[in-house]
Amino acid sequence: MALFEEEMDSTPMVSALLNKLANYTNLTQGVVDHEKAESEDGVKRVGPQMGTFIGVYLPCMQNILGVILFLRLTWIVGTAGILGSFTIVFMCCACTLLTAISMSAIATNGVVPAGGSYYMISRALGPEFGGAVGLCLYLGTTFAGSMYILGTMEILLMYIVPDGALFADKMDEPMSRQNNMRVYGSCCLALMALMVFVGVKYVNKLALVFLSCVILSIMAIYAGVIRTVIDPPEFQVCLLGNRTLKNLDFDKCLKTEVINNSTHTTELWGLFCDGPYLNASCDDYFTFNNVTEIKAIPGLLSGVISENLWGDYGPSGRLIEKNLSSEATQETFEDMKKPYVFSDITTYFTLMVGIYFPSVTGILAGSNRSGDLRDAQRSIPIGTILAIVTTSIIYMSCVVLFGACIEGVVMRDKFGYSLKRTPVIGTLAWPSPWVLVIGSFFSCCGAGLQSLTSAPRLLQAVARDGIVPFLKVFGHSKSNGEPTWALLLTAGICEIGILIGSLDFVAPVLSMFFLMCYLFVNLACAVQTLLRTPNWRPRFKFYHWSLSFLGMSLCLSLMFVSSWFYALVGMLIAGCIYKYIEYRGAEKEWGDGIRGLSLNAARYALIKLEEAPPHTKNWRPQMLVLLTLDSDLAVKHPRLLSFTSQLKVGKGLTIVCSVLQGTFMTRSADAKRSEENVKKSMAAEKTKGFCHVVVCSNLRDGFSNLIQSAGLGGMKHNTVLMAWPSNWRQAEDTSSWKNFIETVRETTAAHQALLVAKNIDHFPCNTERLVEGTIDVWWIVHDGGLLMLLPFLLRQHKVWKKCKMRIFTVAHLDDNSIQMKKDLHMFMYQLRLDAEVEVVEMHASDISAFTYEKTLVMEQRSQMLKQMQLSKTEREREVFVFLQAQMFHERNTKPHDGHQEKHSPTSDHIHMTWTKEKFISERNRHREASPGIRDIFNMKPNQSNVRRMHTAVKLNEVVVNKSQGAHLVLLNMPGPPKNKGGDENYMEFLEVLIEGLDRVLLVRGGGREVITIYS
């Protein structure tokens, strides 16, 4: 292995890797087991030892079978009918089964650490979706605690201790019942929270007791169904006509009874009549209808199933009647005072779905214990799917059996008033209704404790991941690991659910959160399957993307079927969490499927973009920003990035690049550090885009390669932005301005636009606000309209928003300036640009001596550097001599315009005394030293260069006169000469052109139209 000994730190041996994998333990991430790591006798645990049955199957069964089965299923069957109820149960069970299949695929795709369902979803869908789903699952689990506590209190106050109610108002019984629920529920919540705070291990020890209650209660129900075939229970329901009566204040279902051959009125008579006498005035409906008794449980073979096939929905306050006909008397306000059984809420099919769905939640209980399982990848799929199949069979069979055994009016009596406050399902239980009452009470207690135990740990898992910054405080815990702050928040949210006061109103809320969670589980599986990412290799093979999409569609449908309002609110909450994490959350890279989906979408879009070039209407500057770095590898001109962000306003493509000189092998670390510095500068200047730093043997080739190859496919730059090479005259190395000119040539050859910013460090930063002022555009030649488009784009940003746009164009002697101005106004109108228009007349004039001498000195300097092959020191001296010569000529040949003297470039840099005698002696010395110098002093300037210099001087004079006070001046940038021998002269022309202006943007179009008058 000597060949690899230098790489052992970064690439370990295979044997070492396998040893680490073999010794892997499920370390806690998120949801953790907070019991002590050592037992009381000090012996350390061996490790997770739970199997499929104990670890997954039974917890799922306990969470799925609960309060809805015992308190609401009979009412749902009586209201929705057997067929409607069977449809509801089938849809909900199918939804959970499809979700379990998707979850099994995710759970078996690698090792599942402690953290369960949240861990799986977040790692499959990324931090944004993971955080949204994690918090939705947390809220769902918390509201589930509220529902279980309300169920516990309903059993306690309605069936166990009915006299314990603090509020009793027969005229407004629903409100009194809700107030009792709120008071007793809050006390129960405080007690449960205290129990959880003291220690989770006590809750875990009671889990087996609670599970036994659930199993015992279900066995009692099935035993009671079998008993109805042999000997139906003797529960009677009293009917007045076809109206169900509350059997609370009377014992006998009779109007009168004969005692010792004498007719006496009963307690029932007193409830409908003014007095106990036979001649008393009675209610009309009581007078004209008979009192009858029917069996509450006719039995499995009675044929009552045919009557219970169809639903019987109605408004709130409606009388519960048997065989309701259209001729029946409508209830009045006086009827509300009578002992009839009324429906407490308006019933309809979608409400039944929302109330029933919580009964099938709890399928994630097994995955939440993933840290305690011996083999999570095997146990979670088998245990969860078996639990769902088992509970689905129980629910579907119960729907049919309830409809076949129990009278319809009895099932619609939600609280069992007609059975003397006996739960309807309790009348079916064998050997006694109290078996089911006590069993369901402890079952609901256990489920509430489990919710209060798991919800804080789920919140702690989200907080410890750090994806939601304001939740960090809830990641802390006590010394034994108890999440105290998370428990307090959970109790507070749970109290909100309890204050709602009704199990029927809390259930749809909790349905929304669980349905949203299940939707994202299916989405995660579908996305991973369709993307076929290399890491997607689940051991569970019985899944397909179509099943995941079907489950996702079913979840979404059930959300809107249950309550479109709650569905929209739930989606809004999840969306807000998603956007918050996206903008403020910590950046996490979990290799999630959404990132893979983004890559696929980007690939598809790039391929489509290459099919045809963008239309003029869609053209916008896609920027390649060429940065220079200082000796510390920091960005030399950060305002170049500010200007880029102001120009782009977050739209389009931005590629920020720089070049380091050297070889990649020796400067790879510098390249990485430079890239980090550039990214920091981009973040500071709020520039959104991509960053790339390359290493090349010379800067010239590096920038050339970037111009040619930056971008990908159709997402390539079309505009290059760079800074003007300031102080290029004084630079010891001529490569800076030569590289600049070559960059100009290459962008022209590549048909790309070029933007050159002078004095970029004087440009405004993103926090500045330019009040008033103008952006002046000098439109000399038309090269695609980029000059018109740039001010419009800049004014979209808040920095330049208040600046006005002015367009200047130059008219020559033979041009009609008045007509030009009219045409320019019309052109601006058609372009939908708001700008002031001005035509500047610039007639031909004689070339001044100043221009002639300026051109001559420029050519002499250029020719000298070409002819003399001197060392660096001698070359500097020659340059110094001719700079002094230039000043001497300027003193002897004054410019005709005083303004030109003010803005002469040499007058800004030369501040020395140079006498005529000293100049002549120095010139003679150099003539003797180098014969070529005599030719330079005797040369005459090129007439073409003189004309160019004249144009630059005159145009600069006009621009400075009109736009010296502008916030920004945009000018057409003339192209470089075809002959490279005149490169230095080209730099002089540009320097003269922009002299005396502070912020200048030289613009060179790419040779194509970028703005149009058409829609």
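Every residue, even glycine, has its Cβ placed from backbone N, Cα and C.
Among the ranges 345-365, 786-806, the one that TrEMBL lists as transmembrane segment is 345-365. Outside the transmembrane segment (385-411) by six or more residues, the chain places 56-57, 60-61, 64-65, 69, 73-75, 77-79, 81-82, 85-86, 89-90, 93, 96-97, 100-101, 104, 218, 221, 225, 228, 237, 239, 244, 294-300, 302, 304-305, 307-309, 312, 320-322, 341, 359-360, 363, 366, 418-419, 424-425, 427-428 with a CB less than 8 A from a CB of the stretch. In this chain, the transmembrane segment (132-160) touches the transmembrane segment (509-531); three or more CB pairs sit within less than 8 A of each other, excluding pairs fewer than 6 residues apart. Ranked by the number of CB pairs under 8 Å to the transmembrane segment (181-200), the listed stretches 50-71, 206-226, 485-503 are led by 485-503. Same-chain residues lying 6+ beyond the ends of the transmembrane segment (132-160) with a Cβ under 8 Å from its Cβ atoms: 66-67, 70-71, 117-118, 121-122, 125, 177, 180-181, 184-185, 188-189, 192, 358, 361, 364, 415-416, 421-423, 426, 437, 440-441, 444-445, 447-448, 451-452, 454-455, 458-459, 461-462, 468, 490, 493-498, 500-503, 506-507, 509-510, 512-514, 516-517, 520, 570, 573-575, 577-578, 581. Take the transmembrane segment (345-365) and the stretches 50-71, 206-226, 485-503, 543-567: counting Cβ pairs under 8 Å, 50-71 has the most. For the transmembrane segment (543-567), the list of distant contacts is 91-92, 94-95, 98-99, 101-102, 104-105, 350-351, 353-354, 357, 508-509, 511-512, 515-516, 518-519, 522-523, 525-526, 529-530: same-chain residues at least six beyond its ends, Cβ to Cβ under 8 Å. Break the domain 'SLC12A transporter C-terminal' (638-756) down by DSSP state and the numbers are 57 helix, 26 strand, 36 coil. When averaged over the domain 'Amino acid permease/ SLC12A' (342-624), pLDDT in the model lands at 86.
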